[in-house]
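Database features, via TrEMBL:
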TRANSMEM  C:22-43  transmembrane segment
TRANSMEM  C:49-68  transmembrane segment
TRANSMEM  C:75-92  transmembrane segment
TRANSMEM  C:98-120  transmembrane segment
TRANSMEM  C:127-145  transmembrane segment
TRANSMEM  C:175-192  transmembrane segment
TRANSMEM  C:223-243  transmembrane segment
TRANSMEM  C:249-266  transmembrane segment
TRANSMEM  C:296-315  transmembrane segment
Amino acid sequence: MMDVATKSLTGQGIALSFGGIEVLKGLDVEFRAGEITGLIGPNGAGKTSLFNCLTGAYHPQKGAISYAGHSLEGLPPAARAQKGIVRSFQHVALSPDLTVLENVMIGVARNYHSGWLHAFLPTVRGRHEKAEMRADAERALAELGLAKAADKMPSELPPGMLRLVEIARAIVGRPAVLMLDEPAAGLNNSETRDLMRSLSALASPDLVMVVVEHDMDLVMSICDRIYVLNFGAFVACGTPAEVRSNEEVVRIYLGSDDD
Amino acid sequence: MNDVLRDLFPLAWSGMITGCLYALGAMGLVMIFKSSRVVNFSHGNVAGFAAFLIYGFSSGVLLDLSWGAAVLLTIVAVVAIACLTYAVIAPLVFDSDLTATIATLGIGLIAQGATLLIFGADIVSLDLPIPRFSTSVLGLRITGYDLTVLGVAIVTIGALFFVIDYTKLGIAFRAISENSFAAEVCGLNLRSIHLFSWVVAAVLGVVGALLIVPTTFLSVTTVAAFMLQAFAAAVIGGFASLPGSLIGGILIGVLMNLFTFYVSPQFSSTFLLCIILLALNIFPNGILARVGGSRV
Amino acid sequence: MSDHPVTIKAVHPPLPERLRELVASDLGSYVLAVVLIVLPLLVSGSWMFAIGVCFANAIGVLAVSFLVRYGGEVSIGHAFFAAVGAYSVAILDTRFGLSLLVSVPLALVLGVVTGVAFAWPSRKLSGIYLAVSTMALALAVPELINNTDALTGGYEGLYVSKPLIPGLPMSFQRYYVALAVLIAVVFALARFRHSRQGLTILLSKAHPAAADAFGTRQVWARCAVLGISGGIAALCGAMLAFAGSTVSPSGFTLWSSIFLLVGSVVSFYGLTLARALIGGAFLTLVPQFLSASGAWIPVFYGLALLGMILLGHYLPRLKEMMARHGGTA
Ligand SMILES: Nc1ncnc2c1ncn2[C@@H]1O[C@H](COP(=O)(O)OP(=O)(O)OP(=O)(O)O)[C@@H](O)[C@H]1O
Ligand SMILES: [Mg+2]
């Protein structure tokens with residue numbers, strides 16, 4: 001129990017505003033390892049902004065963020081990535097110049113450290129490293145059922161597939177914290193079901209997984225805990241059953257979503 | 001100490017005068033940038049070509065006109081060149097501003113080559129009908145040239161601001177430089193306003209080139225070199241602000257004057273490089289910039 | 001997991017397709033390289049000299065194209081880095097009697113260092129703003145050279161005469177050394193495209209925030225791209241000095257920088273041997289053909305630049321139109 005608690009990603013009093021508009025109003029969160037946490041809320045609630053604060057893309061005016069007991073204060077996104085804190089993007093952010101496989105290989109790049117010489121010359125170590133990255137990426141693609149798309153360019157794939165590629169890039173490097181921003185947007189029903197299965201399979205005692213999603217079926221069925229965000233503040237937090245029966249949540253979110 | 005002060009004022013004064021001309025050049029660059037997001041690298045070469053045209057029309061090389069007629073004819077020619085340039089670049093502008101910017105380098109090369117082809121690589125002297133007198137005010141020597149430059153600059157800049165603030169075209173120009181998409185949705189014709197800014201810029205370039213020539217002589221590179229200071233002025237002003245480029249121009253004029261006098265006349269371009277890098281880093285959006293965040 | 005080996009097999013394109021790819025990319029380069037290696041047996045000495053300079057310019061074109069491809073940035077200041085390389089070679093040759101064995105590595109290192117040194121203060125700039133500051137960089141070159149004439153020879157320049165391999169005819173050395181460096185650069189860049197650094201830099205170009213989230217800082221990417229590009233440009237300068245035998249400030253003006261960009265645009269920013277040679281030939285051979293009337297050179301370059309840009313703009317549209325017509329007919 002102790003072990004699990006120390007591996008969590010926590011934020012205390014995270015407050016973020018843009019030019020006087022309060023986007024996040026002092027949020028306290030604890031995303032625990034071994035759980036899949038859902039983060040839901042209407043459009044503009046601040047879900048992506050919270051991700052951005054946690055990964056270091058935004059600088060909250062107030063609040064403390066720590067992972068496994070260590071403060072992430074002042075660490076740029078790249079340094080947080082080095083600690084295994086990884087995310088996917090709501091708006092697909094793949095390089096159009098790279099094949100799908102190469103895009104996914106970038107997800108493991110942070111685990112390799114060969115120098116510049118290996119980048120320019122056909123050295124044994126460089127080739128070895130590339131082969132390993134390739135194998136990792138192929139495995140991640142296969143897990144999401146994308147093996148056939150490996151050598152395609154992103155421009156040749158439909159948006160739903162690109163989102164899966166984006167997820168493959170996030171999971172390929174064996175992250176410690178995995179934050180997925182609307183992973184199922186643009187997927188059809190069967191693709192969403194496959195994705196749910198893959199995400200559930202990914203859960204492990206050491207992994208902190210957070211999923212922002214508008215698809216309630218997905219959130220309710222795979223998440224262990226759910227945070228509900230509205231106008232930059234949490235209105236509820238608990239198990240799917242608790243959240244589903246929370247009147248406030250039903251009113252502001254589920255109610256409007258169902259009809 | 002006294003010596004330093006005695007030199008300082010005349011240097012600052014003459015720096016300010018040239019600075020006004022840099023500002024005229026810079027404003028042309030900024031006009032085009034504001035409306036179409038293109039940096040017009042052909043500005044200097046086209047203005048240089050224009051200065052040569054005035055020389056050619058008034059000296060008998062091409063025609064033997066009176067000075068005023070030569071200027072008028074040149075302005076007509078330059079406006080035509082501006083329209084032609086924009087016609088070539090227009091399809092690119094909506095595609096990628098960087099590509100369009102590279103294309104202006106091509107226009108600049110052509111203008112440079114045309115100047116060489118028509119007028120050769122020799123140095124010529126182009127005299128302007130400027131009142132020749134000088135008085136001394138508080139120990140400062142003020143010449144007719146100084147007053148002419150100041151007068152022309154004030155009138156031109158005043159006219160420019162009047163046009164932008166009060167005419168229909170000017171208001172449309174402001175709308176487009178704030179938000180071209182919204183402006184287009186509101187039914188403004190982007191192309192005609194782009195063209196307006198290109199034409200105004202070309203005329204500003206001619207005025208600036210014409211006034212800078214009396215301080216030196218006229219060669220293929222004079223005006224292009226002068227426009228480089230205008231570039232620096234525009235950069236300091238944030239490249240998207242007309243008042244900013246006025247301040248930038250005067251700042252560059254004075255700083256360059258002080259630097260060449262007190263430090264070294266040989267390293268003025270290096271000094272310019274340092275100013276540009278410094279300005280771009282301290283004020284990435286110019287001195288008069290507003291701050292804003294970027295989204296992920 | 002059980003279908004793992006199967007999927008890997010499916011990932012590779014079938015053999016004929018791969019053969020075709022090979023012909024299109026690598027094999028083409030190999031054939032071209034062999035042709036260039038035997039070419040001196042067929043052409044006269046003055047042509048050999050011109051082609052040697054063309055190789056040097058091709059390296060410079062690669063430097064600019066690399067910046068466009070990997071950084072998404074345009075430079076009109078690469079003559080600065082070329083000057084760094086050229087004067088490394090020329091000064092070590094004339095003042096210290098050192099051969100290319102020492103001066104080329106030094107040129108490379110200095111090119112990378114100055115590239116990074118420029119990248120750092122300009123790290124927040126992009127697009128047209130970066131282009132303007134590279135322009136300022138190019139402007140400073142001639143006066144820096146002229147005012148350090150004790151070292152650089154000022155206006156008159158320096159003559160590079162020390163052979164790499166003593167005893168071999170100098171004309172052959174000028175040709176083959178430039179060719180060897182060009183091929184080495186093309187080869188290294190081809191490796192780089194598939195390297196870890198190459199991939200992350202390409203992501204950083206398209207989506208800096210995404211690259212950042214996966215451990216590649218934007219500043220690092222910028223410094224890396226400009227460092228590499230500066231290094232290649234310095235090699236171009238070094239080869240211009242060696243293959244062209246003289247260096248002088250008139251070879252490193254703002255116009256030289258703009259010409260490098262013209263070469264890069266004309267070669268469609270290609271990083272292959274053939275593309276680089278197209279750009280290099282354009283820079284070297286056009287002035288040679290037009291040498292009778294120098295004023296036509298800028299006109300021709302300007303027209304070529306505009307022509308290629310407009311071609312690049314309209315060609316995809318034309319193709320699309322043709323495809324649509326073909327589809328309906
Ligand atoms: N860089 C920024 N500058 C200004 N305002 C911003 C910025 N980023 C986010 N916001 C604002 O913060 C609020 C929350 O945005 P955010 O993208 O976090 O919402 P979200 O919950 O992810 O919504 P969605 O479900 O639509 O993705 C919005 O009102 C948005 O306009
Ligand atoms: Mg969002």
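Cβ coordinates come from backbone N, Cα and C, glycine included.
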Checklist entry - Would the transmembrane segment (C:127-145) count as touching the transmembrane segment (C:75-92), i.e. at least 3 C-beta pairs under 8 angstroms with sequence separation of 6+? => result yes
Checklist entry - Cβ under 8 Å to the transmembrane segment (C:22-43), counting only same-chain residues 6 or more beyond its ends: which ones? => result 51, 172, 175-176, 179, 183, 186, 190, 272-274, 277
Checklist entry - Counting Cβ pairs under 8 Å to the transmembrane segment (C:127-145), which of C:49-68, C:249-266, C:296-315 comes out on top? => result C:249-266
Next on the checklist: What residues elsewhere in the chain lie close to the transmembrane segment (C:296-315), defined as a C-beta under 8 angstroms and at least 6 residues from its ends?
Outcome noted: 255, 259, 262, 265-266, 268, 282, 286-287, 290
Next on the checklist: So if I exclude everything within five residues of the ends of the transmembrane segment (C:223-243), which remaining residues of that chain have a CB under 8 angstroms from its CBs? That is, six or more out.
Outcome noted: 49, 52-53, 55-57, 59-60, 62-64, 66-67, 70-71, 73, 75, 78, 80-90, 93, 100, 103-104, 107-116, 118-120, 123, 158, 160, 174-175, 177-178, 181-182, 185, 192, 197, 201, 251-252, 260
